Amino acid sequence: MFMKDILQSSECIEDQQNISMRPNLLDEFIGQSSVVSNLKIFIDAAYERKEPIDHILLYGPPGLGKTTLAHIIAKELKVNFRSTAGPLLSKAGDLAAILTNLQARDVLFIDEIHRLNRNIEEILYSAMEDFSLDIIVGEGCGARTLRVDIPPFTLIGATTRIGLLSNPLRDRFGIPMHLEFYSTEELTKVIKRAAKVIHTNISNNGAEEISLRSRGTPRIALRLLRRIRDFISVTKQDTITHEFADQALLRLGIDKLGLDRQDIKYLQFIYEANNPIGIDTISSALSEDTGNIEETIEPYLIKINFIQRTPRGRVITQKAISYLNEQTYNM
């Protein structure tokens, strides 16, 4: 595997259309106020001492800004940014090639770090703690370990499933940071800023309507904004108003709470079962990957108290049942 294959550009890791909307500095970053406030202190301290900032673990549901924050940290530190993803690092040589090509204080970003091969993960231990690599040279009885020094660097790991990280790896991150779902007010600001960047007029009520149906997630908000911009371009409307946003989102299959058809199928399946249901059964019924269910569907449904995870399986709440009974869905 060539270096260009394992060192992915940001365009490959994150939706290309979001890049122009991405903030470049912490002062431009909206939301995650506690995380941003602490990062400013850690970055300033590291920059003043001319040392790499301690290794950072960003975790939380998808689409909350983990990749964006990693980019910003490198820019604030005025160092190079290198990025890859856990599934791409299949061999020890892949990781060694990246680490030995880093410069002092560079930032290495590993997305989906929970998907690292355990053998690859073990190589990171000495790299993170001692800034060195233990490489086995030779085979059989003649094999020996060669220690190679690497420049001091910062590893930023991102994961949507922190529970899948081994304790030894998790404990080596000096700065663990949990990203939370966004409030409606924060998402409204994100949408208005993005609309300005892409030269699209939007009313305050229009931005708020999109934010209310974006599941507390900036990535979803920006995706919906782009799709509504398509509608407004074709219909020759001047501004995204509350009414226009509402109608466009309904055409996209997004209801008042931001639930789509797959969410409703998920809820109806559990409701009709009338018993706790295991994730594998749900996955089979919906023809949906279990990882996708656990990472993209369930977190928001848990947040709005529509489902509960129990030792026996998933259980629908009375709040969700009432909501389903109030709605009429064209499945």
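Using N, Cα and C of the backbone, Cβ positions are placed for all residues, glycine too.
Under the heading ATP binding site, Swiss-Prot lists ARG22, GLY63, LYS66, THR67, THR68, GLU129, ASP130, PHE131, ARG172, TYR182, ARG219, citing sequence analysis as support. THR68 (ATP binding site) falls within a helix when secondary structure is assigned with DSSP.
According to Swiss-Prot, the Mg(2+) binding site annotation covers THR67.
In sequence order, ILE270, PRO276, ILE277, GLY278, ILE279, ILE282, GLU298, ILE307, GLN308 are the residues near ARG314 (DNA binding site), counting only same-chain partners six or more apart with C-beta under 8 A. Here Swiss-Prot flags ARG309, ARG314 as DNA binding site.
Swiss-Prot lists 4-182 with the feature region 'Large ATPase domain (RuvB-L)'.
According to Swiss-Prot, the region 'Small ATPAse domain (RuvB-S)' annotation covers 183-253.
The region 'Head domain (RuvB-H)' annotation in Swiss-Prot covers 256-331, and the record cites sequence analysis as its basis.
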Averaged across the region 'Head domain (RuvB-H)' (256-331), what pLDDT does the model get? Just tell me the whole number, please. 92
Record-listed ATP binders ARG22, GLY63, LYS66, THR67, THR68, GLU129, ASP130, PHE131, ARG172, TYR182, ARG219 have a maximum CA to CA distance, in Å, of 37
Within 10 Å of each Cβ, count the other Cβ atoms and name the one among the binding-site residues ARG22, LYS66, ARG172, ARG309 with the highest count. LYS66
So how many of the residues in the region 'Head domain (RuvB-H)' (256-331) end up helix, strand or coil by DSSP? 44 helix, 9 strand, 23 coil
